Structure formats: structure tokens, C-alpha cells
């Protein structure tokens, strides 16, 4: 995977050149919204966590409006194991009974969210932690998931997994105007106050649509989307995605990621990228340079 040179390897002249190279991107994206789905190794490796927080703060300071949506799969699995439960997934979605929902809300809305907020704030940002239950800004209903290769209407029960029905953007707009950085745990609320676990990629994609984001960036543990031979696919169209799903190249956790990315691209998000979160400062590379680090999803 591509690596950046260590800071000590870069001369002062080169540092100045790098800053100057970023200027066109800073001008282009000034006051634009970038929705970032934060997950994978970038959330567990201490150095990568620090790089991510610094990237987000820098993006805010140069005039962009970053909005962070995070996952927390490994942390959820750790706590489930402590209480004697085993995680189960169907078509990339976590099966969520009542006990699992308690664990998910505790981990995502508490432990993980507050750690991200704290890291960003340590580097000079003004991060605010939220779940979709705050101001009921992410409304959801129970997801009825269609079984694979089954007749229409033949659904599988995945418990308290939610499908987004409405996102109210006013809370995020209010925070942006105050120079705050929203950090969102993917938990929604039902009409009767039910709590729903929503896939973080789905939340990020829908939020990018509603906010009319300039970019949606999804961090992964791979260089991007790979073909069967393990080669990076730098650009994908809907037709190519259908072929990759049909032949089994795309499966599991990559399915909701690809689906959300494609929906966002089709619904007005100008640029959608699935990038390698294991690369230091991957956000700056993707947004403020020509050095892409992943796969771009095209709407056509």
C-alpha cells in the first residue's frame, strides 16, 4: 500500500511545495460538506487514529465541513464476547436482538463516539458526539431484508436493525455554522421511540445525499474495491458493480458499502470514494491531492 514519507524525510522546500499544491483543492472545496465513514483498522491502530483526527481538524481549519459517521464492529464484538454472545451477520447486516442492541448502543454511542470526539478535540477541533436519537434527527423503521435468491416478499428477520425513513439536516447545519464537527453514531429512533442499529455505511450515504455533500468518503481495510485477482479497481460503474455482485466478487460487509456509495452517486453526491484507511493521512491524500487511494464510484 502507498506510504507517505516520514516528516523528517521532507525538506522545508518540499513542505512548502506540498502546501502550495493543496491550494487549488482548498479553494474548490471551501465551505463544501464532506461526509466521512470512519471504520476498519483506522479505528483500532493508535497511530492511524491520530492521523485521522488530525486530518479531520485540518479539513475543518481550511474551510471544509467534515461530518464523521463511524462504525465500531471490532469493539462491539469484544463486548459481546465478554457477555457470552456471538455476533451474527446476514448479507453484511448485524443480527440485533434486544441484548445485542444494548451492547451496540453502549459501544457506539458511548465508548467509540466519545473516543473519536476526544481525539479530534485534542488536536484543536470542536467535535460534538451524536446518535440519531439526539433531536430524533435519524428516524428509522424495522428493516425487512429480502432473502438472497428468494421470491419477492420473502424476508429475513434481523431484529432491531433499522431502515432510515427520514434525516433532519437542521441539527448538522446548526453545528456546521458554529464550526463544530459532528461525529455520528449510526443509531436511529422509531416512531414509538424504538432504538435501531443502522449500518454505518448506509447512514453515511443517506446523510451525504440529504446534506448535498460534495464528497462521500468510505474508509476500509482494503486498498479499495478489488477484483477476483486482488487488483484494485480504481473506478466502477453501476453495470460493473452488478457484475461483481453476481459473480461473488463483492459480498459480506462490502455489499452495504457499495450499495450506499452507488445510491449516493445517483442522488447528487458529486464524488464517492472507497479508500484505504490503513494509509497514513488517507483523507488528505484523497481530498487535497491528485493522489487517490481507492475506488471511485460513478453514477453512470
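Cβ coordinates are placed from backbone N, Cα and C, and glycine is handled just like the others.
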Of 28, 94, 139, which one shares the substrate site with 72, 73, 197 in Swiss-Prot?
94
Would you list, in sequence order, the residues of this chain other than 72, 73, 94, 197 that have their CB within 8 A of the centroid of the site's CB atoms, where the site is the one recorded for substrate?
71, 76, 87, 104, 107, 108, 186, 199, 200
Spatial neighbours of residue 257 (site 'Transition state stabilizer') among the binding-site residues 72, 73, 94, 197, defined as Cα within 10 A: which are they?
none
On the Cα atoms of 72, 73, 94, 197, which are listed as binding substrate, what is the maximum pairwise distance in Å?
12
Ranking the recorded positions 37, 94, 257 by other Cβ atoms within 10 Å, which is at the bottom?
94
Sparsest-packed among the binding-site residues, when each Cβ's other Cβ atoms within 10 Å are tallied, from 72, 73, 197:
73
In Å, rounded, how far does the Cα of residue 72 (substrate binding site) sit from the Cα of residue 37 (site 'Transition state stabilizer')?
11
Using C-alpha positions only, work out which of the binding-site residues 73, 94, 197 is nearest to residue 37 (site 'Transition state stabilizer').
73
